[in-house]
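Engineer: The active site, proton acceptor feature in TrEMBL is assigned to 423. Here TrEMBL flags 138, 177 as FAD binding site. Per TrEMBL, domain 'Acyl-coenzyme A oxidase N-terminal' is recorded for 17-132. According to TrEMBL, the domain 'Acyl-CoA oxidase/dehydrogenase middle' annotation covers 134-236. The annotation domain 'Acyl-CoA oxidase C-alpha1' is assigned in TrEMBL to 278-438. If you look up TrEMBL, you'll see 590-712 marked as domain 'Acyl-CoA oxidase C-terminal'.
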């Protein structure tokens, strides 16, 4: 092959305003400017270089991570970055480190579960990094089953202290990031025991290491759990093991915002409702969904650019066909591109959900909490599973070169795949969603009206009888048609599983026996949520004001011109709550209304619409058995859906490179020779190969000991 392919020609075919799409992807002009500035700051600083990460040994790798994390903090302080800017800087450094758990779990736990006095004591130290924290919940023997944790915290009323103890090997804390070698403190979850009585699992602030010499305190055994999957990847993190031998802490280091233990050892419920801590859970899961879109978009960017660069077969006049022009490649790649955008926008909707839930909890309104819990659990499971699978698919889409560490994809997969397990095993979470759906379905006859993302079940009788009206391929571009098909599928599967469960004398026996079927209905419900929320694609972004909208709407007032099929005729703001926003979105109203037409940027709206339909129709194709077996659509209509999907691929094809450019990722952040912005892949791949330590010498170490004796038939004399 003579020379290399580059991407300017691909970009010249773009049919939309890429700069406007960058703002849509970022969420607002402000968010775009902050991200762009921080990304370039990191990329231009040699101290954050990461090209040789996959070639480093564990000790060297970890020490380098300590250096980068400390240097990043130094720059944050020197530049007086805001919390938002600091968060984006750490994001673009792109290296799992102890700081992730300090800022992402330790501090939020104190804020969410600590009293005002505890927050005043501990947060200033944590914000200044004068203490470094981690989150010690998971144990060797228990992960998803938090109530099964074995570590104990027994109150000693004579000394006004808790005795933290690991009574068994399986009670060892296992996996907490930052614990192994760095953290000075931890939020430790243990079974609270006072006066011989257990009171469930609670959190405690525990100092682990001396602030003078960093040695573990007496009564504490602590270390790293060892190498994890992949080169580089999560091996930059010191996931740890921790055991306690009757370790004592003051009583006031139990997180007591919800439950307090008195000097006499009595447990007293505070005025703060226990349900308030679920707000933190919603926040964490919303962050995980946002992370899914980031990881998926990164993999898709690499695969899309390389698919345009790579040419194979179909040579005419000496020019082979770009791999991206093969329909099989488009059929695998473009749904992943659509998924990246879909997860981005459902993540934004979850930001609103977090705001709404928090406001309701503070007002002692717990009515939407079960639905919010099920929704966030399901979306965490759905998006992380899909993203992990998609990263691996992107590696395959890059052929043999995708297997090279230089492609960036093996390390990205190794870093991301734990998301399918932490913060709730994905199958366990889907079973929680299924339990909620079955309960909701069982209450329909009692007159209790489903709300939020389950509102469609309130129309279950209509959905059990409706028939899809698609007659042409273009009919699948009608929002109401698409949404009804997904609603009918989910509703019918839910009713079917509920009926099957009712046949068991013991519901728990039935749940265990039918668990695999119940997981399927949970997946259907979660896919419906994403499809219904795709009408958020770019809808609420209006220049500089958009940055505040996602976090401000919910039970707060929002004013705009035009909503639904009517224009606002007064100056009074429309007030939207959880129920009204969900009802509007699920009904399909927002998909085609004026707000969508207000998306700035030439052609941006059209691209988002195409991506939305690709996402939905590809799901329909992948789960065709569900739609056919429940009678939601006919085989002919399924065939028409595939026809429309192929047509959408053709519409996306000239814009594919520009759509991944809109992610605005620097080459440093992508960390991929195959995904380079300039497309200059082959010379750089060749150059990268020579950096490997094996190429430091022409003749390998070990030649004289092993290879030469074999070649010279002198194995008897070899030192084997």
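Heads up, the Cβ atoms here are built off N, Cα and C, so glycines get one too.
Note that the structure is predicted; figures quoted are calculated from it, not measured.
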Engineer: Please report the distance from the Cα of residue 423 (active site, proton acceptor) to the Cα of residue 138 (FAD binding site), rounded to the nearest angstrom.
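Structural biologist: Pair distance, Cα basis, whole Å: 10 Å.
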Engineer: Whose Cβ, among the recorded positions 138, 177, 423, has more other Cβ atoms within 10 Å than any of the rest?
Structural biologist: 177
Engineer: On the DSSP side of things, how many residues of the domain 'Acyl-coenzyme A oxidase N-terminal' (17-132) fall into helix, strand and coil, could you say?
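Structural biologist: Its residues divide into 90 helix, 0 strand, 26 coil.
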Engineer: Summarise the model confidence on the domain 'Acyl-CoA oxidase C-terminal' (590-712) as a single mean pLDDT, whole number.
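Structural biologist: Value for the domain 'Acyl-CoA oxidase C-terminal' (590-712), mean pLDDT as a whole number: 91.
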